[in-house]
Amino acid sequence: MTDPRGRTIKVVLRETGAFIDMMLRAGGADTSGTSLLLMLLLFSCHHLCHSLRVPNLSSYAKAEDKLFKYLFSNYQKWVRPVEYLNQTISVKFGLAISQLVDVDEKNQLMTTNVWMKQEWMDMKLRWNPEEYLGITTVRVPSDRIWSPDVVLYDNSDGRFEGTVTKAVVKYDGTITWTPPANYKSACTIDVTFFPFDLQNCSMKFGSWTYDGSQVDITLEDFHVDKQDYFDNGEWEIVKATGSRGLRTDGSISYPTITYFFVIRRLPLFYTLFLIIPCIGLSFLTILVFYLPSNGGEKISLCTSVLVSLTVFLLVIEEIIPSSSKAIPLIGEYLVFTMIFVTLSIVITVFAINIHHRSSSTHHGMAPWVRRIFLHRLPKVLCMRSHVDRYATSGVAGTIGTLGLKGSSPELTPLLDKRQRIEAALDSIRYITMHVVKENEVREVVQDWKYVAQVLDRVFLWAFLLVSVLGSALLFIPVIYKWASIVVPDYTGSTL
């Protein structure tokens, strides 16, 4: 669009040129009068052009300085800018989040960097742009004008207000103020499904001193603006919405704006460095029952696993809040595994005791023990069959019957050799009885060792089944629920 002052200058120059050309053509004797008239015309044209030319930068600065003096000469920032006493100032409030800095589970805090969008009408900050060289907007420090004292109610670090920045003031009195703020807001953390947890944190804003009849806060946008959001490495925002509410104090109501942030933890770090090692330690407990009982490695392995689980439990205790309202499933899994390991130590001690039993230290094996652990369980567990050596024939009795039964008539002449033969038979009988007794003792020891092996195999399969089922029933539903949450593609307002 062409500047009207520029068109006026062109018209004046064109008319002046035509008049000078006419005077020169007319000529005349009085050339001095003509020259004087031409000089007057040129001077008038120069003065007119100078007065109609486009103002420079210093002129705009002077006009803006004049405007500031006009606006703030009698301005009181502590007085509500209304025409009537019962008039309500409507404040449009919106929120834009730039960064989710941290979520402190121990202290139950959420740290965010946000921009608070506020817009209201100030009746005392109006002017006519034509009187100030077309200036329609000015930037004013927010501490120089009246502003709604909107604060974060659930703040936890004592900083309730935003940063003092400049506000944009339009000629019709509309003020737009978007101060940045770093808030630490209280957030109730539920760590039941840690690290596959979903948290719902809120931020409630409202006027600190004005009630609803003086300042009415309305919601600018239902969604939180995430156009300039910087991603967090541990948490992602699933949904961020706002709603308007009222906080009543007797008969007085205070409008509030509450924003709800549904955030989901990214569990990759904790899965790699916490859950997988815990599951590995629980399976190491199962391998205890696969080790032979004649060595001392079984108790050492159980003790090492128990100490490792204790360290992991201390790590989790440093992360989660100290509350009895919600116990994380990973903590319950660790406690379950510790009980698992403790029980395995008890069973291992019992199995080692059975492994080292003998006829000299314990009574004979009970028939039901022999029937269950030597005949039935090995078949169920697909173990190599064990021969029950308790059903041995009376070899000792047979040997005990060896000897000369009576005197045969044929041996009567050989009475001198009988004593030597009987002495030899007594020696053979003694050696045979000793060998049979040692064999029985050895067989008893082998039977008890076999019973210890059967016990180890029984608890190996039992612990493996319980560990696999416990891990699956604990983590699979939680992971499925976590993975089924859909993160919306909404990125905030584009206005």
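Glycine residues also receive a Cβ, built from the backbone N, Cα and C atoms like all the rest.
Look at TrEMBL and you will find 64-266 tagged as domain 'Neurotransmitter-gated ion-channel ligand-binding'. Among the features that TrEMBL reports, transmembrane segment is placed at 268-292, 299-321, 333-354, 458-480. Per TrEMBL, the feature domain 'Neurotransmitter-gated ion-channel transmembrane' maps to 274-386, 416-475.
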Other parts of the chain folded back onto the transmembrane segment (299-321), taken as Cβ under 8 Å at six or more residues beyond its ends:
105-108, 189, 191, 194, 274, 277-278, 281, 284-285, 287-288, 291, 328, 330-331, 334-335, 337-338, 341-342, 344-345, 348-349, 352
Integer average pLDDT (0 to 100) for the domain 'Neurotransmitter-gated ion-channel ligand-binding' (64-266):
90
Tally of DSSP helical, extended and coil residues in the domain 'Neurotransmitter-gated ion-channel transmembrane' (416-475):
60 helix, 0 strand, 0 coil
